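In Swiss-Prot this protein carries:
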type: REGION; residues: 33-310; note: region 'Disordered'
type: COMPBIAS; residues: 75-87; note: compositional bias 'Low complexity'
type: COMPBIAS; residues: 88-98; note: compositional bias 'Pro residues'
type: COMPBIAS; residues: 140-150; note: compositional bias 'Pro residues'
type: COMPBIAS; residues: 151-169; note: compositional bias 'Low complexity'
type: COMPBIAS; residues: 202-211; note: compositional bias 'Low complexity'
type: COMPBIAS; residues: 215-225; note: compositional bias 'Gly residues'
type: COMPBIAS; residues: 248-292; note: compositional bias 'Gly residues'
type: COMPBIAS; residues: 296-305; note: compositional bias 'Basic residues'
type: DOMAIN; residues: 418-590; note: domain 'tr-type G'
type: REGION; residues: 427-434; note: region 'G1'
type: BINDING; residues: 427-434, 477-481, 531-534; note: GTP binding site
type: REGION; residues: 452-456; note: region 'G2'
type: REGION; residues: 477-480; note: region 'G3'
type: REGION; residues: 531-534; note: region 'G4'
Amino acid sequence: MAGKLRVHELAKELGVTSKELLATLKEQGEFVKTASSTVQPPVVKKMKKHYGVGEESAKESATTPSPAAKPGPKPAAKAAPKAAAKPGPKPGPKPGPQPVKNTNPVAGAGTRPTSTVKPGEKPAPKPGAKPAPKTAAKPTPKPGAKPGPKPGGAKPGAKPGPKPGGRAPRVANNPFSSGAPAERPAPRPRGGQAGPGDMPRPGSRPGGAKKAGPKPGGAKQGGGRRPSPAMMPSHPNPAQMPSKSDNFGGGRGRGGRHGGPGGPGGPGGPGGPRGGRGGRRGGTAGAFGRPGGAPRKGRKSKRQKRNEYEAMQAPSVVGGVKLPNGKGAKIRLARGASLMDFAEKIKADAAALVQALFNLGEMVTATQSVSDETLMLLGEEMDYKVEVVSPEDEDRELLESFDLQFGEDEGEDEDLAQRPPVVTVMGHVDHGKTRLLDTIRKANVGSGEAGGITQHIGAYQVSVSMEGEDRLVTFLDTPGHEAFTAMRARGAKSTDIAILVVAADDGVMPQTVEAINHAKAADIPVVVAVNKIDKEGAQPDKIRGQLTEYGLIPEEYGGETMFVDISAKQGTNIDQLLESVLLTADASLDLRANPDMDAQGVAIEAHLDRGRGPVATIIVQRGTLRVGDSIVVGDAYGRVRRMIDEHGNDVQEAGPSRPVQVLGLTSVSGAGDNLLVVDEDRTARQIADRRDARRRNALAARSRKRVSLEDLDSVLKETNTLNLILKGDNAGTVEALEDALLKIEVDDEVDLNIIDRGVGAVTETNVNLAAASDAVIIGFNVRAEGKATEVANAEGVDIRYYSIIYKAIEEVEAALKGMLKPIYEEKQIGTAEIRQIFKASSVGLIAGCMVETGKVRRNAQARLVRDGNVVAEKTTIESLRREKDDVTEVSAGYECGMVLSYPDIQVDDIIEVFELVEVPRT
């Protein structure tokens, strides 16, 4: 067949249904969708070969019987009823002229059995010289008869006549054969046609042999039983097809013996007397006289092997989209990765992943960050094990890609030198932490703090004299307010020893317990300073007993924790406290670092200075930081232009445990970010850009909310959202304010959304963003600059300024509560009983009532009750009269007439009058 065919056209040509052909094509590994799909010519040829049609369409004229040769010899007429499904009176049954699906375009359904003619030999003038004496039950034509007039015989060049019983022309008379006839494959038996070996040709078994000998085509012939029209499948069933050896002597049935060398079949019948496995064709002759292939063994065919291989390599189908099959492979993705990153890992098209997620009900773009759950779900669908890398591991891998490492000293043990201990002062708010540092530094830090509370981390290095030797100690002062949890945790991670300050007159408080937990999590030793022992009501022993419950057991009680009773205000026992700190450091810690390596440290604070730009407070942990070094701090990078110590003096280099302020960064770093010195500015910029992209992706993935069917109803409801823009004087304060605001829990009806935050003054850009998003700007220790105030007034943007953090928290919480939908409570005003009903043409029914309790007011809401059942829940008193006067209210004990908005009223009904009072939300 030239050109392409559609599936339904090919099915019609093959004589099967489109559904069966589609199933066969899919079994063969050809992916077609519908019956209208086109099929390539090689596939058409393969399907014709599979269904045993071959080139029948091209040879139709050779196989179509002619109605001119109906009469046939009588033996054929007797054999036909045996082989046909329905016996007919004529020797040639009606199904004979029907087209036969046959791989042999010349031979018909009744191809002559056991005729073996080798190529190159002259065919014998008679197909056989002997009749089969053992199987013959009826007379057969004489062997000397001429082959020309035999039924089904076709002379060269002449049209073949009708073949009684569906007999095929003699092989020697094949008009398409150029030489000696070759072996032909057996046709498929059809209903009403004689099977192989049934034709009463000379030299073959006569049709009556079925009564005495083995049944041709039966179980003993090696090709399975003869199919009947009722048993015929829609396409060839290998288990029931006759073996090729039933038709030609050169064939061989599966498991049977070779047939005879030609002429009539032996006593066992062609193909061997034993029953072989049906379904597999033997080694048969090729078409048009070409030699056939070797017989198949019990091994798998190439087609089967290919199908198995394709099944193993079959792609995964996710949401109707073909995607690679991971086969359990593990891939690592960063938190907040996009589908583009996923596609790059698995060598797939990102558009296919987008389409797959869209079909699964998730609408994302290729570059949009997706949540960890979505990445894992998509990986499971494709048989990939997705591992979401933690930020710490991802940052370590990022540094390793640049051949950098953070957190370990370089060099040998002899390269390490002693460094000062880093001590963090922690405790509850207003327990005297900053006063203690003031006393140690002999300075007044607390007076500069708004509200008398510390709102950022201070880093100082002081010299302490111990046993006649001056030693340096670095102190970190952390906030004690509950809003600064992240700062205290960051201070604990950056320190060697913690001083826990507890007021002797106040005892253990919530932030005290939190500080203990931070110290335990960081695995650092704790020295307890019991402060305010000079005040009345101080109970140092009670403090020791309370802290015992949290694992801090004093040395006098047999524990390992040093307790020192001090008075920061009076300066009592301060030297003893410092000595205890140094003793703990010497006894418990190995405080050494390599000062000769590239500097590494941590940023404990960062802010934006108007004249100096971004400023970061750094504690060097190892190595030496010098002016001019290229540094990267989190997602900020730059070159050290200037370093300032705690006294405001410039320093050229800072060794281990030295706190300094660093100028020269391109942006404000995050509090708690690691500092790293690199060789080139380009490397620093690349690391910072990668970190910034990772941070933004993680933030986008965290802010995306997945909506399920369960919470769809609540999402569709109207939700009030308070949008905020936070600006502060330093990064730590902004971080603490954001954490505190996000912890406010009011109700599900309102939501708090922080759309932007930053360090520095409120700019015009912030005001424009607030105007576009209907947000409120909160400035903490900063003011608006330039034209920001004018633009805010013109746009109606609300800017709030705060210097104390808990005041900002209280006002934001109050604003959220004000956004809640009001709750109304019903308050009963009075009741009235209907005594009589009057009819008025202008207003309808008028209820003549007696006010029993309270008052009845005009336009008030009322409830109509009849026999204890509520008849009308919400009705209104439209008109109220006392005698003939319109009144606004009538008190108890008086009669009145009223008109209700609900007309169905009866005598003895009770009217309950009430009003709705708004209840404030808390």
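For all residues, glycine too, the Cβ spot is worked out from N, Cα and C.
Structure coloured by features recorded in Swiss-Prot.
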| residue | record | Cβ neighbours (10 Å) |
| --- | --- | --- |
| Gly427 | GTP binding site | 28 |
| Asp430 | GTP binding site | 16 |
| Lys433 | GTP binding site | 28 |
| Ile533 | GTP binding site | 19 |
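DSSP classifies Gly427 (GTP binding site) as strand under the three-state reduction. Confidence over the region 'G1' (427-434), given as mean pLDDT on the 0 to 100 scale, stands at 78. Within the same chain, residues 431-432, 436, 501-506, 540, 565-570, 572 sit at least 6 positions outside the region 'G4' (531-534) and bring their C-beta atoms closer than 8 Å to a C-beta of that stretch. Across the range of the region 'G4' (531-534), the DSSP-based residue counts are 0 helix, 1 strand, 3 coil. DSSP assigns Lys433 (GTP binding site) to a helix.
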